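According to Swiss-Prot, the protein carries these features:
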- 87: SUMO2 cross-link (CROSSLNK)
- 230: SUMO2 cross-link (CROSSLNK)
- 240: SUMO2 cross-link (CROSSLNK)
- 292-410: domain 'Nop' (DOMAIN)
- 314: phosphoserine (MOD_RES)
- 458-596: region 'Disordered' (REGION)
- 465: phosphoserine (MOD_RES)
- 466: phosphoserine (MOD_RES)
- 510: phosphoserine (MOD_RES)
- 518: phosphoserine (MOD_RES)
- 519: phosphoserine (MOD_RES)
- 536: phosphoserine (MOD_RES)
- 539: SUMO2 cross-link (CROSSLNK)
- 560: N6-acetyllysine (MOD_RES)
- 562: phosphoserine (MOD_RES)
- 564: SUMO2 cross-link (CROSSLNK)
- 569-581: compositional bias 'Low complexity' (COMPBIAS)
- 570: phosphoserine (MOD_RES)
- 581: phosphoserine (MOD_RES)
- 582-596: compositional bias 'Basic residues' (COMPBIAS)
- 583: phosphoserine (MOD_RES)
């Protein structure tokens, strides 16, 4: 009995499933389709044999790339060798991708099957996968798929920004569309303005110039000799300007109203702006082609080379095409019609717009188109795979086409391809060295500018950080000066702090008994002179700062005394009065001691 297993690749890992009742399942495909939607019925058909989760997102990306390329990864090999039966002939493995199935069958020897009932079973596994694997939720499975999808796409879409060919494809498509639109709009302006000035159509053939003249002239009756110089600037021909002026005087056109003239002028200005944008777009296309495909543009021209790239889809696809495909690229309808009717196949497609085929004789058009397609294929491959693209090879290939064209006409033998390519290699090396030298110079200049910019930023940041510190210092300094100013002013005037001066008289008036006893004891111990009483006053004052105490002591010699203190500093009469007051105090103390 053949055992049918199914391999399912998911973003979180590989899953190997086994099917029950293989013969019935293969025969009854409609019943399988019904069971896929129901989880209970699907469990009766399929069971999970093994699940190999990926250890990291990088491992998942490696396995996804291997599966897409048809390569058997080591993780997949280990899973199949471990969990599939050893008898390989009795095992049938169902896979979704035929490429990976062929690789498994070639390397491991298991018979693989795709399509049919396998596709339906894989559809059911994909639908119920989060229910088959324990611990896996639908949300986590979706997140894993999203992350792997982004990583896989990012790896596939990597490209060089400076050599992107998508801009060329869009530019040439827009350029062709603009040519059609400008032609259509110009014909509309000619018909519209031709009712008023029909002779101008015969004089001016260029569409853009005609629209500029219609915008400038307006009403033909207002055209005079003063506008002749401006007409010469627009037409760039004095004879045509004179013919326009003469035709306006004897024109057969009908009169036109102001509102119609305004509409014609506005529409003409739009056509003129479109033609100017078309010129700027053509310049942009030329510069882009010189960056992306310089050899191809030097060989066949920017417009034809861009059309070849756009028709192929990319420069890489064009480089993969053989010369026979490049020759008929753009003539697919004629080719299939010829194959269908068994007629002659076309000789050229888009390369017909090249100047070489137009210059060749009728009998040599097929030859030169085949030779030109060969050189275009070589040039596209050089542009696609060279590290430093240059136009040297394209110029040499163009010279070869010119020599071959002259050979068809005159019989002059052209140079050998080997000699031409040797010269091209020497010139290409020199050009590549020059380009690298310029790039190095530009890189050095950029680094210097970056260093200067970083130094300027660092200097500005240091200045900004030092500015607040200076502001703090300047804000602190005036505060200190304000505190010291009153003391300095009082000291200069010979006065103390008013709080100190007012506190002293109060202390003299209110003495307690203990203070009086201490003062009498000091007088009895000493000489009882006046200076000893004065020494007791500073002891009662609290001194916090030694500098302030010194400042307070020094001005006592100079300060002006109040009227209450004047008797203390007067002559011998005051000294006698003070002695009498001291004797009275002694008597009071004696009485108090006797009473106690």
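Placement of Cβ uses the backbone N, Cα and C atoms for every residue, glycine included.
A map of Swiss-Prot features onto the structure.
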residue : record           : Cβ contacts under 8 Å, 6 or more apart
87      : SUMO2 cross-link : none
230     : SUMO2 cross-link : 216
240     : SUMO2 cross-link : 203, 204, 231
314     : phosphoserine    : 165, 166, 169
465     : phosphoserine    : none
Which of the three DSSP-derived classes (helix, strand, coil) applies to residue 240 (SUMO2 cross-link)?
helix
List the helix, strand and coil residue totals of the domain 'Nop' (292-410) as derived from DSSP.
92 helix, 0 strand, 27 coil
Within the predicted model, mean pLDDT of the domain 'Nop' (292-410):
91
